[in-house]
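For reference, the structure discussed in these notes is given below.
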Amino acid sequence: MGGGGGETTTALGEPLLTKKGRAYRPRCPGCRVDRLNAEREGVFPLKDLFLIWLVTITCTLPIQSLFPFLYFMIRDLHIAKQTQDIGFYAGFVGASYMFGRAFSSTVWGIVADKHGRKPVIVLTLVAIIIFNTLFGLSLNYWMALITRCLLGVMCGYLGPIKAYATEVCRKEYNHLALAVVSSSRGIGLIIGPAIGGYLAQPADKYPSIFSQTSIFGRFPYFLPCLCISILAVVALIACIWFPETLHKHNEDTVDRSVEAVEESLADTDTEENGSGGCLQLFKNWPLMSAITLYCIFSLQDVAYAEVFSLWAVSDRSYGGLSFTSTDVGNVLAASGLFLFLYQMLIYPFLAKSVDHITLVRAVAILTIPLLASYPFFPALSGFVLMLVVNFASFMKNTFSVTTITVFNILMNEAVTQDVRAAANGIAVTLMSISKAVAPAVAGIIFSWAQRRQTASFLPGDHLVFFMLNVFTVTGLVFTFRPFFVRGSAKH
């Protein structure tokens, strides 16, 4: 194999184009991307970052877009015999997406490693177009449950898009590309529910535009799903400009796994916490303690997301706010805007000024009185109520983004480069399982709480938010020794 600026061939006679000592195979899509990156030094990858942003936010929108209208959808599907049972059935629909994703994420990673990042991303967008649309057209409860589960099974984009983000750009833009993935996911998790809140039941909200006899009148939850599916079509068309980044040869390739491409971002050496293979990771307590915290707070965050929407739209006689889905959309849209500003302007300063685990502890302590105050909101009304709910929603979402970001950093600090891919795989799998459990458990507790409005201890929704705080306190306790140990892998 040649190394200078000339042209050599492989053992099979395939020509190699070399530049600055690196060999490029002209038939390999990954090599073509690498060569293009080598030639565009100093060029900002605006097009690549925009395509990453578009695909990521499109794939994220369906995850929580149903929460603002899920209560009404379950009611209209007539599966619940009593109003108090709506939360029970809603919990399983909310959990079905993550349940499906928990079982398929590893498989999609393997597929992406073998056949390329682009095919998995394209299949995810096709799945959104099909199953998200069918969910909006659900004729009964079981159709809603199955289509959401299948959507989760087919959405394998997260690992491949992170891999693609680091491969399609020059190395100096890798961190920026991953930041685009992270921020667009965070925004999508807020904007998705806002879309669901604004566009559900359009024949009731906008009768001058949508007739009760139209498809949007007969299927009142179809419009938000359709809009997201249309955006998925746009993203699918944009994939035409997506170059494949996977190297299609074995030589000169050390590690092509989906998660492993992120390892190049940190020039680390193999040290004590990273050596010994995948099984040794379970003995790496700094890593496992960080993953445990990640799962506890992720479970609480997803449970809160479902509880907030169910609680906000439930009747005041059951301790709710009697909000419409539009009111919920307004709250979540405002939270999304301020959350974006927080991520851009405030969080970078906090990350530099405050120790990571100290920041998590402070957030957990502040979360406890915040969640405990929610059951008292129904005593308010009008402008004061909307102001308080918007502030509380923004603060809770801010706390969530802060903790999840910190845990990702702590997990990377706990291991060295050679096993970071396996560590990330363990974290994603366990996190997906916790997120699958959270909505179902939250729905059951919410349904139970609505039946005990006159209980002497934790009546009504006091019980719901108390249980959320149980997870918060548990997470806080686990930030101290002996449960939590700071990573010591040398970089």
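Using the three backbone atoms N, Cα and C, a Cβ is placed for every residue, glycine included.
Note: TrEMBL annotation is automatic and uncurated.
Quick look at what TrEMBL lists:
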type     : residues : note
DOMAIN   : 48-487   : domain 'Major facilitator superfamily (MFS) profile'
TRANSMEM : 50-74    : transmembrane segment
TRANSMEM : 86-108   : transmembrane segment
TRANSMEM : 120-139  : transmembrane segment
TRANSMEM : 176-199  : transmembrane segment
TRANSMEM : 219-242  : transmembrane segment
TRANSMEM : 291-311  : transmembrane segment
TRANSMEM : 331-351  : transmembrane segment
TRANSMEM : 358-377  : transmembrane segment
TRANSMEM : 383-410  : transmembrane segment
TRANSMEM : 422-448  : transmembrane segment
TRANSMEM : 463-484  : transmembrane segment
Per the Cβ filter (under 8 Å) with a sequence gap of at least 6 from its ends, the transmembrane segment (463-484) is approached by 289-290, 292-293, 296-297, 299-300, 303-304, 307, 311, 357, 360-361, 364-365, 367-368, 371-372, 374-375, 403, 442, 445-446, 448-449, 452, 455
Would the transmembrane segment (383-410) and the transmembrane segment (422-448) count as touching if the test is at least 3 Cβ pairs under 8 Å, pairs 6 or more apart? no
Tell me if the transmembrane segment (50-74) touches the transmembrane segment (120-139). I count contact as 3 or more CB pairs below 8 A, with pairs 6 or more residues apart. yes
By Cβ distance under 8 Å, which residues at least 6 away from the ends of the transmembrane segment (86-108) in the same chain are close to it? 62-63, 66-67, 70-71, 73-75, 79-80, 120, 141, 144-146, 148-160, 302, 306, 310, 425, 428-429, 432-433, 435-444, 446-447, 450
Stretch in 50-74, 291-311, 331-351 most in contact with the transmembrane segment (176-199), if contact is a CB pair under 8 A: 50-74
When you check the transmembrane segment (291-311) against the transmembrane segment (50-74), do you get at least 3 Cβ pairs under 8 Å, counting only pairs 6 or more apart in sequence? yes
Per-region confidence, the domain 'Major facilitator superfamily (MFS) profile' (48-487) (mean pLDDT, whole number): 84
